Amino acid sequence: SNSFFIIIVMLVQVNEPQFTSLLKSKELVVIDFFATWCGPCKMMSPKLEKLSVDFPNVKFAKVDIDDEENLASRYSINLMPTFVFFKDGKEIYRVEGTKEDHLRSQISLLQ
């Protein structure tokens, strides 16, 4: 008989203090800046969860731009979703919109 395993991955949603401590990580950190009302963000959510399974060494988290306006403006987020890559606390790359293949290739390259 076939066995089916369903992996439930919840990407953690962070506030500003949690975000700040996450950036201290040595690994690549990918932050999904999203909004609850944003259709493309909802579409990308399961794809991001899949990426987090495929790249276990990378830290993924989400920031709600309406809850965390300071972070949204600090990183000049004007398109959702925007995926910002950090290493050693500094932004090293970003991907705007629903470009899953581009996101995957850059994570692979920069991890």
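Including glycine, each Cβ sits where the backbone N, Cα and C put it.
Nobody curates TrEMBL annotations by hand; they come from automatic prediction.
Cβ neighbour count for CYS38 (active site, nucleophile) (all protein chains, 10 Å cutoff from its Cβ): 16. Taken from TrEMBL, the feature active site, nucleophile applies to CYS38 (among others).
The active site, nucleophile annotation in TrEMBL covers CYS41 (among others).
Residues or ranges marked as disulfide bond by TrEMBL: CYS38-CYS41.
Residues or ranges marked as domain 'Thioredoxin' by TrEMBL: 1-111.
Feature annotation from TrEMBL assigns site 'Deprotonates C-terminal active site Cys' to ASP32. In sequence order, LEU11, CYS41, MET44, LEU48, PHE60, ALA61, LYS62, VAL63, PRO81, THR82, PHE83 constitute the residues six or more apart from ASP32 (site 'Deprotonates C-terminal active site Cys') in its chain with CB-CB distances below 8 Å.
Look at TrEMBL and you will find GLY39 (among others) tagged as site 'Contributes to redox potential value'. Around GLY39 (site 'Contributes to redox potential value'), a 10 Å sphere centred on its CB holds 10 further CB atoms from the protein chains shown.
Sequence-distant contacts of PRO40 (site 'Contributes to redox potential value'), defined as residues of its own chain at least six apart whose C-beta falls under 8 angstroms from its C-beta, comprise MET80, PRO81, GLY97, THR98. The annotation site 'Contributes to redox potential value' is assigned in TrEMBL to PRO40 (among others).
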On the 0 to 100 scale, where does the mean pLDDT of the domain 'Thioredoxin' (1-111) fall?
92
